[in-house]
Amino acid sequence: LCELKDIVALAPEKFGSPGLEAYEQALNEKLSNLVLHKVGLCCALWDILQVDEAHVFPGDARSHSQVRFRYVVFRPSLEEVLVGTVRKCDTDGVHVSLGFFDDILIPPDQLQHPSRFENSRGEPAWVWAYDTGADTGPHQLPMERGDRLRFRVVEELWRDVLPGGKQQPQQLGQQPAAPLDEAARLPPYSLLGSVNEPGLGLLDWWSDA
């Protein structure tokens, strides 16, 4: 829960809205699913604490008020343990989704050791060769898309992104940068996770532990 301030502009047709309904709608439309740098992913308005006096400026029929409010923000603590779903596997590691947040990566060095990447099973997967001590060799435990897993948050990554996902402006004398497609754009906020300890990884691995 994060306390924030913002200027909210209301159109004239909203002036008669009951209570704080118009302010609540305006804040949710502006902030819901937005990443605030070093704050987190905005999920939903919790409550409004204060609305200052409204001002109307020449040439603008809207009222402008500073609003102090609390917003539900997703930003897990480092070392916090979360449960998610494997979104995909590739050579970069295991990509995890929480349903409402997809920018989570478990890199190869944070997987259970030893693990290897396989792309010949019909579905790309990371496979943990778990040593059981038996003469038959290690037990092969694949991690594939759709599997549920438990992981620990070990790092958060923040990137400055201009509105609309634009790149930083070109500096004088520099060659123009090649345009990036949507898949190549880096998210403004992402997490790195780890499953390299007992109890972490696929839920099925530890269901009988």
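Just so it is clear, glycine is given a Cβ too, placed from its N, Cα and C backbone atoms.
Caution: TrEMBL annotation is automatic and unverified by curators.
Taken from TrEMBL, the feature domain 'RNA polymerase Rpb7-like N-terminal' covers 5-60. As annotated by TrEMBL, domain 'RNA polymerase III subunit Rpc25' applies to 80-206.
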Using DSSP, tally how many residues of the domain 'RNA polymerase Rpb7-like N-terminal' (5-60) sit in helix, strand and coil. 14 helix, 22 strand, 20 coil
In the domain 'RNA polymerase III subunit Rpc25' (80-206), how many residues does DSSP assign to helix, to strand and to coil? 13 helix, 52 strand, 62 coil
